[in-house]
Amino acid sequence: MSSSSSSTERVALRAQVLSRHLHPSSSSSSSPCLLEPRACLEYSPAELSESIDFDAKAMRKLMDDHNLEDRDWLYGLIIQSNLFNPRDRGGKVFVGPDYNQSKEQQRVMTMKRIEYLAECGVFKGYLTDFSPPSQLRRFALQEVSDSFDHSLSIKIGVHFFLWGGALQFFGTKRHHDKWLSDTENYRVKGCFAMTELGHGSNVRGIETITTYDSDTGEFIVNTPCESAQKYWIGGAANHATHTVVFSQLKINGTNQGVHAFIVPIRDADGNVCPNIRIADCGHKIGLNGVDNGRIWFDNVRIPRENLLNSVADVSADGQYLSAIKDPDQRFAAFMAPLTSGRVILASSATYSAKIGLSIAIRYALTRRAFSLTSNGPEVLLLDYPTHQRRLLPLLAKTYAMSFAANHLKKLYVKRTPESIKTIHVVSSAFKPTLTWHNMRTLQECREAVGGQGLKTENRVGHLKSEYDVQSTFEGDNNVLMQQVSKALLGEYVSAKKKNRPFNGLGLEHMNKPCPLIPSQLTSSILRSIQFQMNIFQLRERDLLNRFAAEVAQHQAQGVSREITFTLTYSLAEDLGKAFADLSIMQIFIEAEEAVPAGHLKNVLGLVRSLYAIILLEEDAAFLRYGYLSTDNAAAVRKEVAKLCVELRPHALALVSSFGIPDAFLSPLAFNWIEANAWPSVEN
Amino acid sequence: MYKSVSNLVLEETCGSVRIYTLNRTKQLNALSFAMISRLLELFHACDHDPSVKLIIMKGNGRAFCAGGDVAAVVRDISKGDWKLGANYFRKEFTLNYLMATYSKPQVSFLNGIVMGGGAGASIHGRFRIATENSVFAMPETALGLFPDVGASYYLSRLRGFFGEYVGLTGARLDGAEMLACGLATHFVPLHIIDKCFSRKTVEEIISVLESKAVEHKDEWITSTVQTLKKASPTSLKISLRSIREGRLEGVGECLVREYRMVCCVMKGEVSRDFFEGCRALLLDKDKNPNWQPSRLECVTDEMVDRHFSKVDDIDWEDLKLPPRSNLPVHAIAKL
């Protein structure tokens, strides 16, 4: 018998066996269909009931803005590698760390993933190519690694943007030559020791002290007391070999302020260097994939060349040298480069919100609860006006925040010495706004998906503990917002004193006459760009005037500037928010105007209006200071409901446009019944 | 000799099972337009027929199906309008989508050659039985085309970057390798495939392969490089992007995108490599295609982009796939 006929016979045999399985048995007439078990509650994917009425790919381009192909490539690298914990749920593959692992295991996995990405060439050019396109590519890849796991992107960020950034911006040629390429290929693992147990926001108050020994040509770095121990230093507890340590520099008995020094903390074998003590910060409520450590320096000696000397230097014979005489200005020049952290952070907050909303909205398009008629089917969650009210305004805000983040990134990569100040103010406003928005969104999304939000694997609840830190690090949100009102005040006072028009920080609208708000707010007025711009400009204008007046009043009574600011905090807070909201509104409008006429532009217009109007509804300032009457406020509230109804049909399209791959969401966003079915239970 | 379509697709009923056998043995069961239309009719009919519980697909002779009838497509286009070709692919992709989202199991006996369109008519079904006679390949890049029929969906989901390797090189897999896809190695350590085929661009893939060839002195690596260098440069670039995008899309989105791509290829305005490939490999058989552009560096991003955009033609529209309801779990997961 030839091999082909025997295999044909085998094939025929298999067909017979299968056929016998499926041939209905002669015994009962109503035998159940053996192939398709009937579920009582059937899952129907959102794609079948919802339509996509605009070009979602084009909308994704607006959301992601840059480096789409790079992002998709990195998404693919993560999805296809076993290192990223792929698991099958309900027929789909999802990736995401196993948060059930111990913190030690999670930290090991994080480092393994970074090593894999390094091998794939992800970090090529990170510290050698500083062109704007390369910087944007880095931001894009950070956002993708963030979407996988916040610990992953933080660990990468600490090494490249904090340690690497410090070398780049505070260091000079000798540091670049010695450290940059070793950093890029991970021969050196860096961390960033600025924060201390007793000083976080107030960097200038840190207590680590460094002196100079001109006999040996060495700096001596020391931790003089327990409150001076470095704390929360990502990478320090397990892996880092080097750190940039921020310390007071005392030369010839004079404290010259905060400076940065390179200190090796581990040798190539992973042993902690002499005169250095390292302890673990311990288990955290989230981000256990990052090994945060505490560091004590016991009169550690380092070569003079280890001072990062782009702003100031110490000569071999111990003379302090700096081109910038004023210590305040010197400190500002020092800190300016750290803005990149603030920028990427703000953007990563929007991606976390996008993931939360994608999951919550997709779930709400497939989950039903209660019937509204006696024999009717249960109603989809997102068909309830209450559910729309909870999620759709947050969706609109996330669109706005996304445009804002893209604008900030572009501003940053194209920075000039003249624009640095503006970038500082804008990032100080956007970072708090976007990170607080993210936490608010995640909480609502967790509640909106009910009990399933408690499952770590469903992501949406777990993201809260992972992202909570964003309101604290890279600048405490409250402290940052105060900087915004101070900067606006500075511009105000300067313009008044020099009797010149407002120029800068978007204050030019104050040179025009005060905007008028109609007493009756119809739907079409509320949705008009003109009205929305007017009311936000009115709020900023009025609050700035009031703030300046109150500050002037206190100072006229002899109160110091610093104490005045602690007394005028209510207006300062309202003003900071007014600036942030107006800036973001402006950016959204510009983005919308650039879109050609069509379905996409129409839907974007609805989103923009919902963004503007929900702010009018939520922020008490509008009623408090009389920009809106109580009748206006009622009209605003009605309009929110109308806009939610109009945006409801576009909900799936709007979250699909975020471009987050299915594998990065969670089983809750897809066939959550199948994902929980008995056959999928692991024994 | 003209065969009526009832002879090209044989039909058998066996209780609640329907057995459809491709019967065009002289052309290794290559799918003609008539056969595709017939299969669509049959699958649609069975979809709504409660007496049908299972469909079995087979092929007579030594092939399951060697592919779509591309030679015929090229002949049609040379007589008239590129849209005749587009029509073929529109039907074929609709069949692929129907199979991918089918409510009843489809079992395909891949006892022989299963390539290109033959893969499209079987891989999307629930069960695929491979034998020691199976030979699988997606050979399109050598032809100036790209792995279509929803290949960007299933290749991208093979483990690691095996999908890119199979799609770009047209590598042949036997039955055991088909089964093992994703679990065991091909005939070379899988990590080399992953290291090379995970790179972002075709140029980088070839460059890393070449450096690995020096390092490992492995014949397989050298022959893989040769295969890539013989393929149409335009095909390589669009195939890579297709698989990469397909990884992040549902099966319907993949097919809609592949339809745009194949129409661009049919139109022949960006590149005529498909016609040249068919001439060199299928018609004149001199196996010496003259690709234009002949080098990867000359294939611009703009040229690649055009394959992924809507076709600029008054009568053209995106592939419209039929709405599907009552989907089984495994089909839902593909959306």
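All positions are counted from 1 along the displayed chain.
Cβ atoms are placed via backbone N, Cα and C, with glycine included.
Note that TrEMBL annotation is computational and uncurated.
What TrEMBL says about this protein:
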DOMAIN    A:191-300  domain 'Acyl-CoA oxidase/dehydrogenase middle'
BINDING   A:Thr195, A:Gly234  FAD binding site
DOMAIN    A:338-489  domain 'Acyl-CoA oxidase C-alpha1'
ACT_SITE  A:Glu474  active site, proton acceptor
DOMAIN    A:530-665  domain 'Acyl-CoA oxidase C-terminal'
Secondary structure split (DSSP) over the domain 'Acyl-CoA oxidase C-terminal' (A:530-665) reads 113 helix, 0 strand, 23 coil
Here the Cα-Cα span from A:Gly234 (FAD binding site) to A:Glu474 (active site, proton acceptor), rounded to a whole number of angstrom, reaches 13
Taking all protein chains shown into account, the Cβ-based neighbour count within 10 Å for A:Gly234 (FAD binding site) is 24
Once DSSP output is merged into helix, strand and coil, A:Thr195 (FAD binding site) belongs to coil
Within 10 angstroms of the C-beta of A:Thr195 (FAD binding site), the count of other C-beta atoms across all shown chains comes to 17
Cβ neighbour count (10 Å, all chains) around A:Glu474 (active site, proton acceptor) is 23
For the residue listed as 'active site, proton acceptor' and A:Thr195 (FAD binding site), the CA-to-CA distance in whole Å is 10
